[in-house]
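Everything on this sheet refers to the single structure shown next.
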Amino acid sequence: MRAQRGLILLLLLLAVFCSTAVSLTCYHCFQPVVSSCNMNSTCSPDQDSCLYAVAGMQVYQRCWKQSDCHGEIIMDQLEETKLKFRCCQFNLCNKSDGSLGKTPLLGTSVLVAILNLCFLSHL
């Protein structure tokens, strides 16, 4: 019984140390939309996600706290009044890939295709 407790304690300690030893790496740039970001930084332990945000013609890429990944908080921190953003939690996931704002367009296209199929099947 004592050996099991010791093993469990050891596994818990290893889990804690392993999770804190590995830091997230994010792209870190503030630039116009047309530029591409090649700089990256290792996030501090309290920053557990990467942020990619676009406000007008400006792009923000940096480490961020997942718990602060809300539009109002991001706008306040970046001093912007309107933006599109995404947060992600794996290394260099905040690359500028042009995907912001395209999901609704894809959803609309799929919806139109489904509606067309429904109407065509009733003719």
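Backbone N, Cα and C atoms are what each Cβ position is placed from, and that goes for glycine too.
Among the candidates Cys26, Cys29, the disulfide partner that Swiss-Prot records for Cys37 is Cys29. Neighbour list (Cys69 (disulfide bond), Cβ cut-off 8 Å, at least 6 residues apart, same chain): Ser49, Leu51, Phe85, Cys87. According to DSSP, Cys37 (disulfide bond) is assigned to coil rather than to any helix or strand. Ranked by CA distance from Cys29 (disulfide bond), the recorded positions Asn40, Cys88, Cys93, Asn94 have Asn40 at the top as the closest. Here Cys93 (disulfide bond) is compared against the recorded positions Cys37, Asn40, Cys43, Cys50, Cys63, and the shortest C-alpha distance is to Cys50. In this structure the alpha carbons, written CA, of Cys43 (disulfide bond) and Asn94 (N-linked glycosylation site) are 13 Å apart.
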